Amino acid sequence: MQFTALLAALGAPLALAASIPAAAHNHTMIDVQLAATGNSMIKATITNTGDRTLNLLKFNTIMDEHPTRKVMVYQDGAEVQFTGMLPRYKMSDLTPEYFVNLGPKASVEHSFDLAATHDLSRGGKITVKAHGMVPTAEENATTITGHTLYESNELTMDVDGKQAAAVEQAMGGDDSTGVIDKRSNIVTSSCRGSQLRVLQTALSNASRLSRAAASAAQRNPSKMREYFKTADKPHRPEGASRFLSVARESSSGSTGRTTYYCNDNRGGCHPGVLAYTLPSRNQVFNCPSYYQLPALNNRCHGQDQATTTLHELTHNPAVVTPFCEDLGYGYQRVSALPASKAIQNADTYSLFANAIYLGC
């Protein structure tokens, strides 16, 4: 779609940061209320509190229908491990089914089982909350023009661990790997046709872009301020270090700490998903739409194979610690994140690397 105490201290949201400066197009216009409807079942009621219709993009939000990170779950002050998926969605050519159209004062409900994406086998009291931002389009349109913030109530639940453990994990499946390529541990047996060559090229390009970005993070304070919202220490060396870690992981000389699949074997390649990561397993899966992207985009902030791979590698705790989340997609949303969130946002790294490569 999921952590360490540092992320908990930062109050990392599931989708986009709640501490974004208010503007006419991004103030709070929806209310989210969480309610327990079973041992580990949650019902989220999303209400449009404004006076105009909202067209809400579901990707990586409380309304996402896939096993993504919708809420933060805490037990005894620590985050409960997230076992779901962190996808990168294709943000161009959006279609109406990716949106929820919500009229003024209207509500929509979305239910999900926490035990399908979290390890709740310990049982006991947990605290659940959600906050973030939803990209918005005009009514009956699919072009993103703004965003709206939300923050839910804090919900306390007493979970039966045995019942929770009996819930099937949404992203469970066979962990067998087959033939492994040294570079980022590519499972070559998962590749068909030219896919292995395409992925190897993407990893090579991701390494090259990451090394250039690492250098720029140290030497180009204006770009750091543009994307990471600060050029102060410790952000510059931290950003550079993370880029170098991605570069090492994606280079041909790496022994590989992640396992990379050319194709999906866990059912996570839903419509709109380019690739996804299971951070609890340090596994990355490409989807069919990944292979429709250009190897490298010649458009500033455009999506491509190299930066999608870079994006996904930042989701893996074996590469980046604490690993990055999906707190903001696209240049406008990334630009709205404060420094504490930008450093933890996967798309910040892919957009920065793209900007350095193209001289944006």
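Heads up, the Cβ atoms here are built off N, Cα and C, so glycines get one too.
Note that the coordinates shown come from a computational prediction; the quantities given were computed from them, not determined experimentally.
Between the listed residues Asn140, Asn205, Swiss-Prot assigns N-linked glycosylation site to Asn205, with no corresponding entry for the rest in that record. Out of Cys300, Cys324, the record in Swiss-Prot bonds Cys360 through a disulfide to Cys300. When the candidates Cys262, Cys287 are compared with Swiss-Prot, only one is recorded as disulfide-bonded to Cys269, and it is Cys287. Cys191 is paired in Swiss-Prot with Cys262, the candidate among Cys262, Cys324 named as its disulfide partner. In the shown protein chains, 21 other C-beta atoms lie within 10 A of the C-beta of Cys262 (disulfide bond). Compute the center of the Cβ atoms of His311, His315, Asp326, which mark the site for Zn(2+); besides them, the chain residues with Cβ within 8 Å of that center are Leu86, Pro87, Arg88, Thr277, Glu312, Thr314, Cys324, Glu325, Ala346, Asp347. Counting every protein chain shown, the number of other Cβ atoms lying within 10 Å of the Cβ of Cys360 (disulfide bond) is 15. Cα-Cα distance from Cys191 (disulfide bond) to Cys287 (disulfide bond): 11 Å (rounded to the nearest whole number).
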